[in-house]
Amino acid sequence: MLPSQPLLHAGVFALTVLQALASNTFTAAVYEHAVILPDPTDKPVSPDDALALMNKNMDVLEGAIKEAAQQGAHIIVTPEDGIYGWKFTRESIYPYLEDIPAPVVNWIPCTDPSRFGPAPVQERLSCMARNNSIYVVANIGDKKPCNSSDPSCPSDGRYQYNTDVVFDPEGKLVARYHKYNLFRGETQFNYPKEPEVVTFETPFGKFGIFTCFDILFHEPAVVLVSKMQVDTVLFPTAWMNVLPFLTAVEFHSAWAMGMGVNLLSANTHNINFAMTGSGLFTPEGPASYHYDTETEDGCLLLAELSAYPSLSPTYPPAINWSLYATSIKEFPGENNTFSGSVRKDIFTFSELRHKAGNYTVCQGDLCCHLIYQRSNKTKNEVYVLGAFDGLHGSLIKYHWQICTLLKCKSTDLDTCGQPVETAQTKFEMFSLSGTFGTNYVFPEVLYSGVQLAPGEFEVM
C-alpha cells in the first residue's frame, strides 16, 4: 500500500530537516571546574545538606553551560566529581546518590521529575540542557538496590556507581555510563559486573563515553574506539598530574592522536591535588587546552571540531607503528645500559654521550630506537634513551610499553627517572620508535612549562 500524498510530503520534509541538522563540524566545550567540596566527614549528612552542596556546584556549572550555549556550543562536558567532590566513605556519599535509569526509558527529567523517585540533580541537569538547547555531560552517583539472591550484593543491600550521564538538547537522558576501572581511593563505589561500552548518535557524529582511569585500560577505552568506531569520546575526569607519563594535557592529546578520535576532556581544578589540564583534542593535535597551577579559577574552553575526523582530508594515515622500528638493524657501537626507576617502574636506560648518535635499548619484547642530533650539550645535563615493558600500578596492574627520551635530574645516573621540569640542551632532531605490540601508540611530547606543542613531531 502506497502512503498518501500528505504523508509522503511529510516524510520527505522530515528527511530534509535531518539532513540540514547533520553537519561535518560541531562546536564543543569543556569546563574545568574548581569544585566546591563538602566538609570532611565519615557520617552521612542530611539529604537537604547534600543537595545544597550540589546546587552550589551546579550554579557554577549552569553559568558555564549558558555561556557555552551562547557561544554556539552543541555539547559541553563537565568534570568527574564536579557536582559533589571526593574523599567520601561508602556511607557518607549515600545522600548524594540518585537512582539513574537506563536511557531506554525515554525520560526527560525536566518535564517529568518524579517518574523514578526523587531526582533533583537529574532534573536540574536535564533543564540546563533543555533551556539552553545543548547536550550536557555530567558526572554524578547512581544507586541500585540488590538482595541476598545476588552473591555480589554488598552487605548494605545496594550498589553504588560512579556514573556519567548525558542529556540531549531536549533534556532527555540519552546515555548512562558506570565507571569500570575505579581508582584506588574510590572505595565508596562498586564497579559494574561487566565493563560497559556506551555510545549514542548525534547529528554530528557517533559519541562514546568513559571516565578518568578508564582511559588506561583496553576495556572500555580501546574497545569503544576499535569495535564501536566512535568519532568523539566524552571524558569527565579528576586527573592528578604525574610527571613524566601521566600529565593530563600531554597524555590526553597523545591518546586522541593514537586512537584517531576527538577527545573532550574536562578535568576538575584543584591545585592542592595537582588537578588541572582540560582540552578539546583531535587526531591532529589539541584544538584548545588549559593548564593552570597558579590560580583557583575554573575555565571554559570551546573549539570547532570535525564531526567525522576519519573522513577529514587531513586525517593522519593508518600507521603500522612497529614497522619502522622492526626494519632497523640494531645500531652498532657504544651502547652500555643500566637500570633506573621511574615511579617504581624499572626501565633499561642508555646514556646519550655524543652530539649525535644512534641508539637501541631493549627490555622484554620491546626494543626502542633513537636517532638524534643536538646543537649544543649543556655540561650539567644528562639524557638517556629508556625502555619499559611490564606491568604498571600497585593495586591494579596494567601493561605498559614505553620508549622515552628522558633528561636525568642531575649528572648522577642514579637520578635518571626522577621528575625534571627544566632543560637547556637543544635537540635539532630526534626520531624515536619502538617494536610495540599493539597498533595503538600514544606519541606524547613534554616541554618545559608542561605544554604540548602541536605539529612538532612527525609520525614515520
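Cβ from N, Cα, C; glycine included.
TrEMBL has this to say about the protein:
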- 1-22: signal peptide (SIGNAL)
- 31-307: domain 'CN hydrolase' (DOMAIN)
- Glu80: active site, proton acceptor (ACT_SITE)
- Lys179: active site, proton donor (ACT_SITE)
- Cys212: active site, nucleophile (ACT_SITE)
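Per-residue pLDDT, averaged across the domain 'CN hydrolase' (31-307), gives 96. Rounded to the nearest whole angstrom, the C-alpha distance between the residue listed as 'active site, proton donor' and Cys212 (active site, nucleophile) is 8. A Cα-Cα distance of 7 Å separates Cys212 (active site, nucleophile) from the residue listed as 'active site, proton acceptor'.
In sequence order, Asn139, Asn162, Asp164, Thr211, Cys212, Pro236, Thr237, Ala238, Thr268 make up the list of same-chain residues 6 or more apart from the residue listed as 'active site, proton acceptor' whose Cβ falls under 8 Å from its Cβ.
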